[in-house]
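Contents: one structure, followed by commentary.
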Amino acid sequence: MSGDPTASLKDYQLLELDTAAGNDQAPQLPTKTVLGFTPPLPTLPQPTELVYTKRRRPKRRSRCRCLCFTMGMFAMGVLMTTTLLVSTFVLTVPMVALRTAPCPAQTFGLGDECVRPVSLDAYNSSNSSEIGAVCGAYSEMPAPDNTTVLIMNLLDCLNIGINESAGEKLNLTDTPLANCNFSQNSVCSRKRVGVCYAARPLSPLGELIYKARQALRLDHILPFLQ
């Protein structure tokens, strides 16, 4: 027992030592490499135009929305400014400034009014209402006496140095009436004359504004614009 180094070991330990010694002395067997199938690695797609478009599409959409919003706000601003300017013009322009249409036939313009000389020979009464009846037939008003004298004198001055009478130029039905002033002339002294007047007609723009005010019922609110 003293000469054997393994005498103190147990049986299972001796078995392990024998097995390990046998493995060391056994020849190494050749190993065989088994080839297996490995799938190829996926290749990255090339950056084509389609891929570039997909990447840029969100940015283009955001730019398009921003542009549409800007254009919409600009159009709204232009529309609101135009509406404000037109409304201000319609509400503030005086109607006198829009009476620029030519006077009707057989009348002539004096400022903002159209004047019509008329003959009163067909009326026998001396009542002042007869001139009102004559002017009322034309939807006009009779002028005061002093205005009538001034207008008839003006017509007489227009005939000085002119071969064609003022009555023919003014398309008056009673041509001798235009040549008469209140003088001692025998022809003129037998004539009874009068003058009717009315506001000058509205221009097409004035008629449009007047109708707009009537539609909005602003005539009684803005009487100073008449």
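Please read every residue number as a count from 1 along the shown chain.
Using the three backbone atoms N, Cα and C, a Cβ is placed for every residue, glycine included.
According to Swiss-Prot, the feature topological domain 'Intravirion' maps to 1-63, an assignment based on sequence analysis.
Marked as transmembrane segment by Swiss-Prot on the basis of sequence analysis: 64-86.
Positions annotated as topological domain 'Virion surface' by Swiss-Prot, on the basis of sequence analysis: 87-219.
Among the features that Swiss-Prot reports, N-linked glycosylation site is placed at Asn124 (among others).
Under the heading N-linked glycosylation site, Swiss-Prot lists Asn127 (among others).
The Cβ of Asn146 (N-linked glycosylation site) has 8 neighbouring Cβ atoms from other residues within 10 Å, across all protein chains displayed. Sequence annotations record features per position, and here Swiss-Prot assigns N-linked glycosylation site to Asn146 (among others) based on sequence analysis.
Annotated N-linked glycosylation site per Swiss-Prot: Asn163 (among others), in sequence order.
Annotation comment: Swiss-Prot describes Asn171 (among others) as N-linked glycosylation site, evidence class sequence analysis.
Per Swiss-Prot, the feature N-linked glycosylation site maps to Asn181 (among others).
Along the topological domain 'Intravirion' (1-63), the predicted structure has mean pLDDT 58.
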